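Undergrad: Pulled these features from Swiss-Prot for this protein:
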{"type": "CARBOHYD", "residues": "96", "note": "O-linked glycosylation site"}
{"type": "MOD_RES", "residues": "64", "note": "methionine sulfoxide"}
{"type": "REGION", "residues": "69-101", "note": "region 'Lipid-binding'"}
{"type": "SIGNAL", "residues": "1-20", "note": "signal peptide"}
{"type": "SITE", "residues": "41", "note": "site 'May interact with the LDL receptor'"}
């Protein structure tokens, strides 16, 4: 999106310089150069912030991966401790005593 903006600004500068009179040309050219410098600085700032956000995304992904690995480790320890309770077969189940008269 930012390269489009730079292209549009350059196109506007070319159109404005083509329509400018000879007397107003230097004034218009100076103002357009100032505008172009400001626009290029804005684009550079936007690109640097995008790069910083990419670094932040990579860092947060690493943090999330570590958290999920830790969670999986806790879950496996939990399931290992209680596996005996969950895997009890039908012969291990309690039977209700029957009373005979």
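Cβ from N, Cα, C; glycine included.
Would you situate these features in the structure and describe their surroundings?
TA: If you take the C-beta of residue 64 (methionine sulfoxide) and look for same-chain residues 6 or more apart in sequence within under 8 angstroms, you find none.
For residue 41 (site 'May interact with the LDL receptor'), the Cβ neighbour count at a 10 Å cut-off comes to 10, with all displayed protein chains included.
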Undergrad: Can you work out which residues elsewhere in the same chain, 6+ from the ends of the signal peptide (1-20), have a Cβ less than 8 Å from its Cβ atoms?
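TA: Distant Cβ neighbours of the signal peptide (1-20) are 28-29, 32, 35-36, 39-40, 43, 46-47.
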